[in-house]
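Per TrEMBL, the feature domain 'Potassium channel' maps to B:127-186, B:238-314. The transmembrane segment annotation in TrEMBL covers B:20-46, B:129-149, B:161-179, B:227-250, B:257-274, B:294-314.
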Amino acid sequence: MGGGQSHNQQGPQGPSSSHGPNNGSVLATKKQQHENANKCSPAKVKSCLRTFFAHLFSHIGLCILIVGYTIAGALMFEKLEKTYEMKLIGNRTANFKKLRLHYVSELWNITEQFNVLYEMNWTSAVEKELREFESRVVATANTAGYSDVKDDLHWTFSGALLYSVSIITTIGYGNTAPRTAWGKILTMFYAVIGVPLMLLWLSNIGTLMANTFKFAYSHACCISSNPSSSSRSVQTKRTPSSKTEPSSIQVKYSVSAMTCETQVVQAQQNMHQRALNRREQRAKLRSLDPSAKQVLMECAEYNVNMDQDERSRRILHQLHSDSGGNGGEMLNISGMDEESSDEVESVIDMRGVTRGGDQSDLRGLNGGRGGSVMEISVNSNGMEGTPSRIPLLHHKGGGVGGIESGPDLVEVDEYHCGGGGSGSDGSASPSLNKYHLPRTEQRVPVSLVLTFVVLYIMGGAAVFSVWEKWGFLDSAYFCFITLSTIGLGDYVPGVSFGSAGTKEGQAQLIVCCLYLVLGLAIIAMSFNLVQEEVAAKVGISIRQEQEEGKGIVVVGSGHPTLVSIVNPSDYANMTMISLKSPKSKAISLVGYTLN
Amino acid sequence: MSDLEYERRLWPRIKNAFRVLVAFTFSHVGVCGLVVGYMICGAFLFQMIEKQEPNTQLEDVRKIRNETANELLSIVLMFNTLEKEEFFKLANAAIKNYTEEIVNAINLGYEGEPLNNQTHSTSVPTENVSWSFSGAFLYSLTVITTIGYGNVAPRSPWGKIATILYGIIGMPLFLLYLSNIGDILARGFKWTFARCCQCRWNCVKPRRYLDNGQLDEEAVPDEEEQITVPISLCLALMVGYVWGGGLLFANWEKWTILDASYFCFISLSTIGFGDLVPGDAISSTPGREDEIQLSFILCSLYLLLGMALIAMCFQF
């Protein structure tokens, strides 16, 4: 890891040795991982830049693509439908004229019939004629294809723009709808391509906005030491007062496909866990996937070999002692139980996912793809005064402890292998570019997000009620119907009476387009933000019900690659999210279960 | 492994499977039933709210008609001897005014008064098929699936508020339903597909090998994982469904096949313009309310099944 060390961004590590890849005692995995790390490391800056630009272009590129697609669609549809509509209007005017003539002559005939004018008879006859006339007018209006009868064109450029937007967002107002056969066919194809594109863009921008929001929120609330929304640093959070808070250790296996990027999802423990029996905890330990244990052991060995890491050595020690000892129990906390206070318990909760239950597959994945990371991260209890960057092994619960005494509990802040050293922020590792999702103290509360959305709707309602001269309720109703993509179409801005053809009307249409696109982005962002909260709150209980390791969902993009492992509670959410965008082909759910 | 041990392992597995099956069925059935029940409740709710709306537009139009008739009368009475030209000119103007008024009313949603309503009753609002039970059911469906046709839309303020609240609760519920149904259908489909695949082409079951190289006989090959349904099949299924629906609606609604397929596509993608809605063609002729209601119900079923199929395809 010599090369990797040079890029190590942290300060004091272990002995900074320039150990090259070791000899036979290192399993093949490590060597491969090391090589991968080495491969990344000389080009670390370049790869960072590349990813940065890829992100930039993916965001901006998508935006441009969407805008271009919409405009192209607007032009196309306008061309197709305009002539037809003008013809229709011409026909309708002519028809009305004919009708009028017909009925006026009818009236004349009636008048002639009555030599003597009896008002009653005459009036009733006239009324009958008028009613007939009226129904003919209504029928004519309907057959012309539009439910409204206007001499202003629907298919102006801005009308067509609103139409395109309403297709790809699946709102579908319907006040403007294609009448020609080609228009209909083209609409179908336009939708098939446009809807997934829009969903991709929405998910993209939703994530971006969610991160920005979290960033702003964390700064605004002046919480915590390290705002961690930046994508390059991994933080460990100390909760200084959280002696009461149970800690959890979660092992996440992340394998990245293309880039050396992994995503880590953390779930926080909640109070529920505290009530868990120790025996249950131990049972959980026993139920650890042997392959997970194996991987952890290998990781520790690698790190020990690489960095002479104290911590890794300790972990290894424990692993070896355990495997010889209590029949495969990974980390023995038996000695601790009675003394430790309730708050100190830690549940080790490892879920390993391997393809087909085969360890070699994971190795294969490690070696084959660009970067593989196995990362064990722990939210540790607050050990006050401990700087967050120095890895710790705590001895909890009153022992004389400290690092030297071979604790029974392993609590580490961040434990990385595969080149991450033992750094707690892990950014050293060239193969580890991690997102560290902010922890609870940085989670945006659901109420705030909902308030934001509601404010947006209200704001839009206010604007539209002033512009369109609707009532406030009607405008709010319109905003809701639009942003939920229901899109009834009974209220559409810019096409109301007398304003359709004017410049003002066109401007209103365009503003409506912008409003709804922005509103959908905000909704995507709020889904993103709320998802974690809901997963944390609801997910824990779900996790209790399900058996360990059952039904872990892997979300892959493109081909089913293990991108991130989340706890099963996210399954429902992700299903929901992915089906919120049911046409999105960018997300496919593949479920794996532990054997 | 001895037979006894195998049996001992088998029994809890069976029990487990049974338990899983029961939980599975209840959860999935529960959600489906919940969604259907929610739609029925919504139908009643909207029916109750919207049907009470007196059709004020009808009154307005009648008033306008009266006024026009009076105006015409005054025209006639004006002249002692009536010249045709004069009459035509003036009557034309009056009728033109009348036309504009009707057009205004149409733009605000006026649908015309049925011709057979000879009695000038002003009290009873005409029986509106749009807000019958099946119409309201279709409306609820379009709200929670976010299709949102818009051919029927709430006019009263309470209707609008009810729509908002109904949608807020109903949309996530529907998504839950979709994910559940999609799951069931996907599993069933994969199972059938796997069986077909095996029977017809003698697909080899993928086997797992233990670390020591022996065949892992215990592991139940998890066919669901290994069988991937080809994308082309999913696409063909969806296209076939849209096409089939097109044929069905073309037959039923007397649309062209293109129009009917276009309608199916627009509905299933939840765009839902509402320019073509079942019941349109028939609604102009009075007295066929039953058929219209039937077509609404048929449309609802088609949409429910179609969206489930789409959800299933996305599970692949």
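Quick reminder: no glycine exception, Cβ is built from N, Cα and C everywhere.
Between the transmembrane segment (B:129-149) and the stretches B:20-46, B:161-179, B:227-250, B:257-274, the greatest number of Cβ pairs separated by less than 8 Å involves B:20-46. Over the domain 'Potassium channel' (B:238-314), the average per-residue pLDDT in this prediction is 85. Outside the transmembrane segment (B:227-250) by six or more residues, the chain places 189-190, 193-194, 197, 256-265, 268, 278, 299, 302, 306, 309-310, 313, 316 with a CB less than 8 A from a CB of the stretch. Same-chain residues lying 6+ beyond the ends of the transmembrane segment (B:294-314) with a Cβ under 8 Å from its Cβ atoms: 134-135, 137-138, 141, 145, 147, 178-179, 181-182, 185-186, 189, 234, 237-238, 241, 245, 248-249, 252-253, 264, 267-268, 270, 277-279, 282. Same-chain residues lying 6+ beyond the ends of the transmembrane segment (B:257-274) with a Cβ under 8 Å from its Cβ atoms: 142, 145-151, 241-243, 245-250, 299, 302-303, 306-307, 310. Sorting the domain 'Potassium channel' (B:127-186) by DSSP state (H, G, I as helix; E, B as strand; all else coil) yields 45 helix, 0 strand, 15 coil. DSSP assignment over the domain 'Potassium channel' (B:238-314) gives 58 helix, 0 strand, 19 coil.
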